[in-house]
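Novice: Below: one structure in structure tokens.
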């Protein structure tokens with residue numbers, strides 16, 4: 001039908017074509033069309049702790065509102081079951097062992113601000129790419145990706161070296177040691193051993209001195225002096241770090257400067273919320289990325305008096321309800337500035353809830369709903385399946401639920417693509433752009449296989465068989481629960497990744513998650529006709545995946561995680577590190 005128009009109506013067609021050619025440059029994407037991004041990441045929040053994921057006792061109306069107005073993912077998977085590696089994967093779109101941010105030993109997270117390990121400077125975060133695309137980029141809250149490499153002020157792992165224009169928050173992570181009234185949490189079992197050894201050495205020294213004074217033991221005073229000196233040095237060697245955890249790790253920073261050392265926990269929540277809203281207000285006239293990395297709901301569960309005693313789940317529930325209120329305040333700020341329709345909001349947790357975290361009868365960790373396991377467990381769903389919600393009015397269909405396998409690593413390519421940037425081509429990116437599946441343009445996510453690591457140890461693999469819709473999951477290694485059948489490692493506090501605390505399975509345990517999401521009924525060749533076929537296919541995928549791995553320096557090696565006094569961030573002259581600049585203001 002167009003040919004007659006072109007042939008017989010040239011006087012009308014020519015001006016039309018000419019006008020379209022003139023207008024073409026104005027239809028190209030411009031900086032004003034770039035969406036803002038507000039990424040909200042909870043800490044240790046279980047998927048069963050949120051109303052829109054089935055909890056009917058902890059009130060989360062603001063997170064639930066996000067789900068109602070956007071897209072809820074029901075199979076959103078963290079790349080690791082602990083903070084440091086999971087967040088490294090989130091920031092880079094890569095499995096953490098590709099950047100050396102997963103551990104071969106029991107030190108599976110960054111332990112000190114004064115350690116030398118951290119997210120390597122040669123890794124590319126989504127913030128760094130968005131910075132190059134003209135975005136203002138801010139991180140408010142928890143970092144836990146390291147600070148320094150070789151000197152106190154080189155800041156090689158700092159957020160400002162990884163694409164953030166502005167940082168306010170904790171370079172470390174919240175721990176019970178930050179709250180003077182709480183029982184110390186950091187390396188608790190190891191600290192007990194050090195105290196025991198110190199007491200034993202001291203007792204031996206005292207016995208030897210008394211024996212020498214009473215004439216029961218013939219020993220030179222020189223030997224006793226050396227023994228006493230060794231006792232003192234041994235005590236100083238560990239107490240200089242573990243005795244001052246609150247001063248060394250519980251600090252707040254603004255950009256490179258320390259604002260509180262130690263942090264004043266009573267006002268932390270209000271300051272983080274104030275900084276987040278202020279960042280939105282300052283940058284409302286240009287595209288921005290705000291990564292609000294909550295300290296909630298990690299122990300010691302800092303909760304303001306306004307929320308204490310409000311929930312039906314004790315202090316943990318109070319803390320989650322306060323975080324939901326903070327989410328609401330941020331959403332209100334976005335709406336107040338007229339940015340709701342131009343802002344993509346994302347909410348998730350870095351991994352599953354911590355089942356073993358208890359003090360007496362108080363449960364201080366989260367709940368993972370119907371899913372087995374929890375924090376620190378690399379294979380079981382409870383450790384890695386987390387809430388995942390996107391909202392972008394007018395672009396993403398409201399009230400949508402997607403049951404496709406997705407990953408926290410997918411945020412990297414999704415955000416980079418929407419900002420008009422390019423995903424790096426010089427490295428493997430494991431995340432996939434989620435926009436097509438979020439908008440409903442495609443039925444399936446691009447993930448066929450997801451690999452579930454515990455440290456550097458591969459514990460399980462998920463295969464999404466797209467032609468049938470089946471989601472197979474093979475477990476090669478599982479933790480041994482203690483006490484038996486308890487569903488967690490209560491005797492240890494954390495489930496291990498290797499050694500005597502795990503079981504190796506040959507053949508692997510196999511589950512079909514779409515039929516058995518709780519992983520309660522392992523399949524076998526006798527009960528599942530496709531058992532051998534599925535195990536072989538997953539085995540080939542593991543081989544292909546391992547061929548993409550290249551050796552990199554271990555950021556969480558013992559030498560990198562130990563406390564190094566020359567790397568300690570210090571507000572003052574080391575070791576006299578103390579300041580309260582927020583109080584001064």
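The backbone N, Cα and C atoms fix where each Cβ goes, and this holds for glycine too.
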Novice: Of the residue ranges 194-213, 254-273, 274-293, 294-313, which one carries the transmembrane segment annotation in TrEMBL?
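Specialist: Within the set 194-213, 254-273, 274-293, 294-313, TrEMBL attaches transmembrane segment to 194-213.
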Novice: Quick check on the annotations: TrEMBL lists transmembrane segment for one of 219-245, 327-353, 354-380. Which range is it?
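Specialist: That would be 219-245, the stretch labelled transmembrane segment in TrEMBL.
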Novice: Below 8 angstroms Cβ to Cβ, which residues of this chain, lying six or more residues outside the transmembrane segment (194-213), approach it?
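Specialist: Non-local partners: 219, 221, 223-224, 227-228, 230-231, 234-235, 238, 242.
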Novice: Mean pLDDT across the domain 'Sulfatase N-terminal' (35-420), rounded to an integer, is what?
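Specialist: Mean pLDDT across the domain 'Sulfatase N-terminal' (35-420) comes out at 96.
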